[in-house]
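Asker: This is the structure I want to talk about, given as C-alpha cells.
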C-alpha cells in the first residue's frame, strides 16, 4: 500500500512540476512552436520569411556570400535536369509535341543539341535565356514541372530568376536567400523571434525520418504544432519504407505518406492537448497539375470522379480530420497559405488566440 502511494505521489509531483514549468513559460510570454513537414513543404522558407519580416536586422552580406555557391549549384542542377529531359525526348513528326510556342521551339532546338560536361557545367547568360523561354512554354512546363519540383521546392523560383542569377556580378538578394534554402537537413534547428512582448521559438526537426517515436517526446513541451503539406505531391512516389505494421503498398504517394506521418506524430499522447495547425502549401501548383492529371488515379481512397480542385481540397482536409484521435479537444486547425506571400505570414496574433482558447 505504501509503495503504491509512493509511486502515485512521485507521478503527481512530476506532473505538477511539468504544469508549473508550462505556466512559468507562458507567464514569460514564451511560445514554442514545433514545425514539421518534408523538404518540399516550404517549411524552411516559411521560417526564413517570418524571420526576415519581423527581425529588424537585414540579412547580412555574409549570408549572401555564403549561399552564393549553393545557389549557383542549384541553378546548374536545374539547368541540367531540363537539358537532360529534352535530349532524352527527341522530337520528330511522329512524336507527340512537347512545346507549343515559337520561343519554346527555338529553345528546344538549341538545348537539344547543346553539349556540356556535367562536372564542369556553368549556367551562362545565353543558356539562361533558352532555359527561361522553354520553361515558360505552357505545354513544356506541364512535362518538366513535376520532375524538377520533386527535387527542389525552389526549382521554378530558380528558373524564373535564372537570367539575373547567371550574370557574372550576381549577388543574392534577401528573397534569394529566403527561397533558396539548403535542403536535406537532418538536425534540429531553432529560430527565435521577439515580437511585441512575446518571444516565439520555432523548432524545426529538419528531415528526420527514422524512429520518430524515440525522439518525438523531446518536444512534449511545445505550445503549438505547425504541420506543412505540399498539396501537389499526390502523383510522386513516397520516400520512406514503412514499418512492419504499415505495408509499403498502403502508402500510395508522398501526399499520403505525409498524412500518415501526421497521424503518427500528432496523435502521440504527448500532444493530445496541443493545438495543431495544418498549413496547405502549393495550392496553385495542385490546380495546375489537375488540368492534366486525374487525382483518383494516384489516390485510390478518393472515391469520386470529380477532378475539381475544391472537391479535392475538401477530401484532403477530411483526411486530416479523420486522423485526429482527439477531436473532442478541438485542437486541429487547417489553412492554406502561399509561402512566398508576405501578407499571409502575419499569423502571430492568430496563434496567440488559439493558445488563449486552449489554455
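Note: Cβ is positioned from N, Cα and C throughout, glycine not excepted.
OK, Swiss-Prot features for this one:
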BINDING   44  Mg(2+) binding site
BINDING   178-185, 204-208, 281-284  GTP binding site
DOMAIN    29-359  domain 'G-alpha'
LIPID     2  N-myristoyl glycine
REGION    32-45  region 'G1 motif'
REGION    176-185  region 'G2 motif'
REGION    200-209  region 'G3 motif'
REGION    277-284  region 'G4 motif'
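What's the neighbourhood like for these features in this structure?
Answerer: Residue 44 (Mg(2+) binding site) has a Cβ environment of 26 other Cβ atoms inside 10 Å.
Shown in sequence order, 231, 309, 313, 336, 338 are the residues of the chain, 6+ apart in sequence, with a C-beta less than 8 angstroms from the C-beta of residue 283 (GTP binding site). In this structure, residue 283 (GTP binding site) is part of a helix by DSSP.
Counted with DSSP, the region 'G1 motif' (32-45) comes out as 3 helix, 5 strand, 6 coil.
Mean pLDDT of the predicted structure over the region 'G3 motif' (200-209): 70.
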Asker: In whole Å, how far is residue 44 (Mg(2+) binding site) from residue 205 (GTP binding site) when you measure between their Cα atoms?
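Answerer: Per the Cα atoms, residue 205 (GTP binding site) and residue 44 (Mg(2+) binding site) stand 10 Å apart.
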Asker: Check residue 205 (GTP binding site) against DSSP and tell me helix, strand or coil, would you?
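Answerer: Where residue 205 (GTP binding site) sits, the three-state DSSP reduction gives coil.
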